[in-house]
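Undergrad: After the structure tokens below, expect a handful of questions from me.
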């Protein structure tokens, strides 16, 4: 297998603290060979981090990004296939692991009916059809470290039982096909389906877990869950049959409290949807995750704002950084008043400064989570976090 995943022994034995590594035979690209989990994956648009140049993205990256095939299918012919460059040089991704997946789950568009031979992607240039061979050809050109198998996407949470069963069956078929394809040293992640039907989620996971040459799993459809509890139930149904020694990636977990709950259920990897949404809304992440109080005198928790809406005129003359103690470029060199001014005047630099701060803060959040897992007080720290930021998802 191209990926190796090792769980570490920690005091809270039911939780997961892991090390994800590329095996020694994987191509030597200068990429860091070990990632600590739980962590997050930066979502890209056409291979670039939204609002950032490659050098700025390197400063705030957790070391792993996702590229989606549907973003590359907008133009015919596909530009990267016409280029002499591989994916790393084409997208100028020097130091990060690359996960290559087919569909960006953050895009709200109606999935087209697929067959076992054709995947249909809806792009800004129209509907594009793609065979599994074409997907593998695109992957071999990009040369990602990790390839996500094709999956049959659903339109919403309440699809019929027949449609959900078809989705599970088609996704398993594509997984078997991609396992037989020439994917070189790429790690393979299998997508778990099932939508709102817990028996189908369990069936998808059970069948997928029996396949060899699968390095990890992607939990899909979670954003369709109608409530926080439903989302956790869906995760539990999918995770239950899985082997513990393989990583699990979940897309579109909508906020930090949901992330903490998902970690408790066994998820290892998340995406960057939350910091990107905060940036697009003109907001700066202001929460911190830390250990439990060390003394009884510190036990009382005072609720605090989890984010700053920098459109608000209250920041017009605020000459403090976005977050005290933050080491990101934005907080070291700029003020709340300046970012407020940029938002009011609709300057593109506002999004640049916000995404730098939000991605670094999101990364710090996961680093602190790993620290509490190592020290054995994750559960206490999670409860303190809820009390500190009661309005967060």
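Each Cβ is built from the backbone N, Cα and C atoms, and glycine gets one as well.
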Undergrad: From 223, 357, 377, grab the residue that TrEMBL records in the same Zn(2+) site as 326, 328, 331.
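TA: Of the residues offered, the record points to 357.
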Undergrad: For the binding-site residues listed here (326, 328, 331), which one has the lowest count of neighbouring CB atoms within 10 Å of its own CB?
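TA: Counting other Cβ atoms within 10 Å of each of the binding-site residues 326, 328, 331, the minimum falls on 326.
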Undergrad: Would you mind giving the whole-number mean pLDDT across the domain 'tRNA-guanine(15) transglycosylase-like' (16-390)?
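TA: Overall, the domain 'tRNA-guanine(15) transglycosylase-like' (16-390) comes to a mean pLDDT of 91.
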Undergrad: What residues, ordered by sequence, lie under 8 A Cβ-to-Cβ from residue 357 (Zn(2+) binding site) and sit at least six positions away in the same chain?
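TA: Residue 357 (Zn(2+) binding site) has long-range Cβ partners 284, 285, 322, 323, 326, 328, 330, 331.
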Undergrad: Specify all same-chain residues, apart from the site residues 326, 328, 331, 357, whose Cβ lies within 8 angstroms of the center of the Cβ atoms of the Zn(2+) site, ordered by sequence.
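TA: Going along the sequence, the neighbours appear as 321, 322, 323, 327, 329, 330, 332, 356, 360, 361.
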